Amino acid sequence: MNVHDSERLAGLLEEAGYVRAPEDADGDADVVVFNTCAVRENADNRLYGNLGRLAPRKASRPGMQIAVGGCLAQKDRDTIVRKAPWVDVVFGTHNIGSLPVLLERARVQEEAQVEIAESLEAFPSTLPTRRESAYAAWVSISVGCNNTCTFCIVPALRGKEKDRRPGDILAEVEALVAEGVSEITLLGQNVNAYGSDIGDREAFSKLLRACGAIDGLERVRFTSPHPRDFTDDVIAAMAETPNVMPQLHMPLQSGSDQVLKAMRRSYRQERYLGIIEKVRAAIPHAAITTDVIVGFPGETEADFEETLHVVREARFAQAFTFQYSKRPGTPAATMDDQIPKEVVQARYERLVALQEEISWEENKKQVGRTLELMVAEGEGRKDGATHRLSGRAPDNRLVHFTKPEQEVRPGDVVTVEVTYAAPHHLLAEGEVLAVRRTRAGDAWEKRTAVAAAEPAGVMLGLPKVGVPAPLLAATSGCGCD
Ligand code: SF4
């Protein structure tokens with residue numbers, strides 16, 4: 001969600017006339033924007049460390065501006081300008097659209113501007129976006145969350161769920177496809193609760209089916225669903241819509257009913273495993289991934305064994321595992337029975353060892369399969385004389401393959417046979433069986449050519465996010481749904 005918000009901030013500023021600075025030029029840029037995440041541990045230390053690093057540069061560059069947005073800005077508000085008075089703008093999670101105006105006002109009035117709205121009036125559907133990828137795109141369908149999981153800071157900072165109108169979502173997807181995008185990921189804090197705000201309990205499955213009817217859209221994914229809202233109509237829509245990929249990331253958090261209750265997660269082990277069984281029956285090749293928190297306050301050895309039991313039963317393709325740590329402002333932070341660090345560490349290592357074993361076994365089942373990969377951006381890994389590229393299988397597994405003679409571009413589709421499995425990736429070492437040049441590849445080529453011809457102006461510095469995280473971790477590995 002934060003990565004996509006950063007794309008929207010970049011789009012807004014570019015529309016206002018700013019020019020993107022090179023990736024490593026934040027100290028030389030005229031404007032630096034930090035888009036922060038409060039879910040990650042130590043977010044505030046890292047933010048103030050980054051701001052401190054920029055203070056001398058700002059002092060020596062009259063006119064340079066620094067803005068801080070995102071969840072930490074929403075949480076800390078005025079504290080940021082008190083602790084770092086050289087910051088020019090602080091804007092909340094509901095105030096993204098105001099950034100250009102706030103920068104201008106700070107410049108004219110020569111004083112810091114702080115704008116934090118308590119809630120979102122309407123879904124900000126019309127904000128421009130500067131997408132990172134030419135062939136894959138995030139599409140927000142809702143923001144906020146109506147749940148109150150006791151470890152999570154999201155409801156306090158992102159507010160209640162606000163759904164976007166289906167027509168606006170589909171119009172954006174169609175426009176993206178017209179530009180050459182062939183893969184979209186529907187985004188929401190609790191993506192499959194979509195519809196609760198617009199009064200349609202089946203709105204999410206209808207949206208999946210509507211995406212299936214869009215010509216030229218090859219791959220549809222979504223993140224992240226909540227087990228409570230995972231209804232049969234969604235499973236049917238996934239199974240019956242060919243461009244909805246056979247992949248499901250569904251946070252477990254704990255396998256123990258006691259701990260789930262303390263987390264205020266309103267499903268139990270039986271329901272979770274029941275959903276997995278139904279998904280596997282309807283979509284036999286689906287790769288299912290999850291998030292697990294180890295060492296939640298009060299977690300006993302027996303509770304932890306329940307988590308191991310679910311992990312063994314569910315046979316996740318991958319799991320993003322986290323050691324519980326307190327987040328100030330959440331109910332769990334003040335609960336009794338916080339678990340000693342060494343106990344959490346030991347349980348965490350047992351869980352990771354088990355999941356590694358399962359991931360590897362599940363990956364080995366892929367050896368010999370013929371897969372269509374969407375070629376990913378960036379060069380593949382070099383291994384001796386063999387030059388590899390990388391791609392994503394329909395189930396989102398990462399596959400490294402031998403670069404074919406024929407040119408392939410990010411967004412193109414290749415057909416390969418899997419020859420080897422490692423715990424976290426697959427290899428296809430033989431000849432590429434087929435190459436399909438796509439409109440997405442054309443879009444990538446066009447964008448690359450335009451970028452090469454752009455003047456090397458440095459006005460806007462937009463570091464990836466204030467607290468950077470790899471894409472999977474930012475969306476599914478941050479401890480929220
Ligand atoms: Fe909502 Fe997910 Fe946070 Fe729970 S963990 S409150 S479902 S965003």
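Indices start at 1 and increase along the chain as displayed.
From the backbone N, Cα and C atoms, a Cβ is placed for every residue, glycine too.
Residues annotated as domain 'MTTase N-terminal' in TrEMBL: 1-108.
The annotation domain 'Radical SAM core' is assigned in TrEMBL to 131-362.
Look at CYS145 ([4Fe-4S] cluster binding site): DSSP puts it in coil. Per TrEMBL, the feature [4Fe-4S] cluster binding site maps to CYS145, CYS149, CYS152.
In the predicted model, the domain 'TRAM' (364-432) shows an average pLDDT of 90. What TrEMBL lists as domain 'TRAM' is 364-432.
According to its DSSP assignment, CYS152 ([4Fe-4S] cluster binding site) is coil. Counting other Cβ atoms within 10 Å of each Cβ, the lowest count among the binding-site residues CYS145, CYS149, CYS152 belongs to CYS145. Sorting the domain 'MTTase N-terminal' (1-108) by DSSP state (H, G, I as helix; E, B as strand; all else coil) yields 59 helix, 16 strand, 33 coil.
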